[in-house]
Amino acid sequence: METRPSFAPNLYFCDARLVGPLHAWPPLFERVAAWGFDHVLIGGLWAASRRGYPRHVADPDRPAESFATSLDATSALARLSDSAREHGLRIAVEVVVDRVAREHPLHDAHRAWYVVDERDDALIDPRTAALAHDVAHANVGSAAALDALADWWRARLGALADAGAAAFLVDAPQRMPAHWWAALLRALRQARADLPVIAGVPGREREALAQLACAGFDAAFSSLRWWDLRAPWFVEEHRLLRRVGAPIAFPDAFDGPRLAHDWRQAAPETIERAHRRALWTAAALGTGWLVPMGFERGVAVELMAREPRADAYRAALDSAPFDLSGAIAEANALRRATPALRGNGEIAQLTGADAPATVLLRGARTALEYDDEAALIAVNPDLAHPAAIAPCAALAGVPGGFTRFAPFADGRRPRMGALEPFALAAGACTLLRAQRARPVTTAPAEDRRGNRPGTRASVTAALAGERIAIERIEPVVDDGRFAVKRVIGERLAVRAAIFADGHARLAAAVQWRAADENGWHEARCAAEGNDAWRADIPLERLGRHLFRVIAWRDDWATLVDEIGKKHAAGQAVALELEEARRLAADVLTRAPEANPAALAVLREFAAALDAAPPDQRLALIGAPHVADAFAALRERAFATRDAPVFPVDVERRAARFASWYEMFPRSASDDVRRHGTFDDVVAHLPRIRDMGFDVLYFPPIHPIGTTARKGRNNSLQAAPDDVGSPYAIGSPAGGHTAVHPQLGSLDAFRRLVAAARAHDLEIALDFAVQCSPDHPWLTEHPGWFAWRPDGSLRYAENPPKRYQDIVNPDFYARDAMPALWIALRDVVLFWIDAGVRIFRVDNPHTKPLPFWAWMIADVRARHPDTVFLSEAFTRPSMMYRLAKLGFSQSYTYFTWRESKREFIDYLTELADGPAREYFRPNFFVNTPDINPRHLQQAPRTQFVIRAALAATLSGLWGMYSGFELCESDALPDSEEYRDAEKYELRARDWRRPGHIGDEIARLNRARRDNPALQTHLGIRFAHAPNDAVLVFSKATPAHDNVVVVAISLDPWHPQATDFTLDAALYRGWGIADGERLVAVDQTADHVETWHGRRHYVALDPHVRPFAIWRVAPAAGVARGARDDARDVPAQEVHER
């Protein structure tokens, strides 16, 4: 606790030798008073030593020669004090206690009080020789000398105070013992309680400051002058100085090199900027502050130097490039009006040392937490560049909760508000008033006044609250807002953290049901340790499922556990056995008759327990069948059900594992002179099947409009025989539910669907929500479209691009709600009726999200086996959101990923991040619109590499026809194919030399043979030092299928690398780390035995740029308990 108000002076320091005679002082006092100072601190008041050091006093009764007076020093001080008082000022005097000039009368009269330094090195060192010859130091090693000096200085300071000295500055007080100061100042204040004494200790180390903490000083000088305005030491020094006395800051040195000297090489405006910054920083951060004479005009002449340079000082004043008198007056006025700038309060630095600007908060009291108001100081340490202030960084956890700010206003009540981001000019310093925001109190007003009628209601609610905590349920998507995705036949592993107060045993279960069921199924959870619980639930039906987690206190298990522990410790358990008997009896009286078998077991147990002697009851209570009976009767104390019900979408395998082949059926004739038909496609089915594909995907097969039809290579003028883009859907022949007449009839399409199924292929159709200007809907439903003010249609645009052959319906046009939505849903249902269950949706990110959520849910409610592929090459957030809304799978950025690091990062995001629960990537190597630059002019081996990457990294991959022929001719500086099939018919020689159909077939065969390759999950990247080789492993959750894949990323040169298998693989098998493995090459029918975790692979792109091994423990390898952890995270593993 502070015993008196902080000493917070506004000091102006004067070197007496530079001011001049006594008659020169009144004009100085007048100016200083006008600037708002309340004290003038005088240094060099007394006659200096022969060598001229002003702090080495030669005669305490003689003033400095510069006063030009016959008065003694005390009388001169009295005259100065009287003159200062006339201007509202008080005089403070600097005194030096620990040393005197050797010619000082006190030294002559009392040699035992002092010691002189006669060491040779002190005399030889030119930096200290003059000082050593000039001075005598107090004999601090002598108690008698210290007592005598204390008496002398007590009388001396008293006499100076009588002469008008209102405060004293003690130079280097740390040179005298702290206890000596405490006794001296205590005695001095017995006579003059209001006489402040300042410790002149700037730049002193922590130990010196700590020693003076109890010495009794009223104030102490800080080291602000030398702070870089960044480092945290200033705040730490302030904390220590507050224990010594109120910190006094100064913008410039009152002895030693001046600020103007530091910046002497800078431009005049920079020097002024430095002075202004120093001024406001000192005024804001000191309890008191001191301005050395000449600072206001940027004078560089040193004060308190051995040789006074009065003429140079006056010349510098006369030629000063700036005058800060007005700013000084403003600072003094602000300090007088602002308690937070005058208190000996806490200063907190709110920004780090490397922040662009430094922000500090200071209060007036002991701690900011207890201050009513504070001041925010923001300063730019850079004199050349502005700095931005980010409140979010500066105010995080702000001490005292000060979050309302306003500029300091003269006499007006400021309007406080939140701190907005702002910029500080170069070298600027800004001060803001700070207040706390009113804390949030939610208790009713009558409760806050002490009458607490609301207490009963709140405590009643608390009593009904959930005693058991259920947290961190997984897997969930966005806290259950969207469904987790799984495929039919999987078991969903549900995990949760479940815990409660005390030591009672808990039990938990996962309840689940299909969305068309009313009752809940239940699976008991197993405890995995550390409050983790798990249950696996079967997913045996397609469609939406729901699950929830429940928990309860298992009183029977708790009692049995307690009895067992006490018995094992040799404690009596008779009372606990009686509790068990009563618990069983209570359950029998409450239990319903719905479970007669459990009731029978419990009745038999109760009877046996009554009849058994005490030594046999223990065995009866611990019987497992008794615990099972209690569980079956669902005696669940404090049962807690987690509020949310979490959805799960169960889809068929094609949603997670499929190999897609895209072709234009109109090119199926293999003759550019004849439009292909569905019947022509049938002839291609064996070729596509033999490459191992199972999904055959067509771009739109509907009638194509003729208005603004695009010509070859996307030209704006179409020739009469140009076929146009199939995405310009609709003509007089029909719209989205019609078949292009040249492809055949709807019956022909149905025949194709049946033929594809006979070849183990499934047809996927493109669902493109767009129309040509000739679409029947424009005449039948013009209100479904957007029209321009001139009556023209609003064509599809992606400014500045315009697609005159396409118009988009307006989902929120007045006439379109809900008719358009229903019509589009009916399009999907129409093609489902025609035998299609897979739809690739064109650009879904350009259509409203609520439509997709409704449409997919509505279709799946009728046909849960429907699969939707999202073709949304857009921002990740939108791609992920579409997946959450129900799209089964999505195109991805794989098409543009090329480097090893990119593959690792992207697969880690997809397989180990939140997206793993709902986003299934379909890795297309190319599309009719995307001819990737890494394939253009690339060798055959690059196509094999991209196919291997897509086929092994994801369970879903696809290619557009022509990829197997290594087609890559592109338009200049474009990813568009030259002579793109999107605008014309194409004929190909499917068996021409150089095709990669055989390699694709081997890849797809490896995918079918290895369940680990049928998903993107379970992947772990191995450490391989060669960045041109990607090595990874994939494992099923049960580790009953593990593959290791190595792929060269260099299509030109052979590459080789070591790689290290992850230890998690061995844990998954339940074998020792590095045990023998059998590795079966999946494309070369070669078997190897691997020893240890490190292995080697060499890949020649001209032979085979990839290797796929199925690995398993060798015969005879001992197996233990396997690590049944969740799917292996997709991260790169480094050998330790």
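Here the Cβ of each residue, glycine as well, is placed from N, Cα and C on the backbone.
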Matching residue for the alpha-maltose 1-phosphate site, where Swiss-Prot names Gln770, Asp805, Asn843, Lys982, Tyr983 - out of Lys566, Lys710, Lys900: Lys710
What is the average pLDDT across the region 'Maltosyltransferase' (440-1136)? 93
With the fewest other Cβ atoms within 10 Å, the residue among the recorded positions Asp805, Asp842, Glu871, Asp929 is Asp929
Nearest of the recorded positions (Asp842, Glu871, Asp929) to Lys710 (alpha-maltose 1-phosphate binding site), judged by Cα-Cα distance: Asp929
Neighbours of Asp929 (site 'Transition state stabilizer') among recorded positions Gln770, Asp805, Asp842, Glu871, Lys982, Tyr983 (C-alpha cutoff 10 angstroms), in sequence order, are Lys982
Spacing of the two Cα atoms, Asp842 (active site, nucleophile) and Glu871 (active site, proton donor), in whole angstrom, works out to 5
Is it possible to get the count of other C-beta atoms within 10 angstroms of the C-beta of Lys710 (alpha-maltose 1-phosphate binding site)? 23
What three-state secondary structure does DSSP assign to Glu871 (active site, proton donor)? strand
Identify, in sequence order, the residues in the chain of Tyr983 (alpha-maltose 1-phosphate binding site) that are 6 or more apart from it along the sequence and have a CB within less than 8 Å of its CB; answer 'none' if there are none. Lys710, Gly711, Arg712, Asn713, Asn714, Ser715, Asp722, Val723, Gly724, Ser725
In angstrom units, rounded to an integer, how far apart are the Cα atoms of Lys982 (alpha-maltose 1-phosphate binding site) and Glu871 (active site, proton donor)? 16
Within a 10 Å radius around the Cβ, which one of these binding-site residues has the most neighbouring Cβ atoms: Gln770, Asn843? Gln770
List only the single closest residue to Glu871 (active site, proton donor), chosen from the binding-site residues Gln770, Asp805, Asn843 by CA-CA distance. Asn843
Taking the Cβ of Lys982 (alpha-maltose 1-phosphate binding site) as the centre, count every other Cβ atom within 10 Å, in any protein chain shown. 20
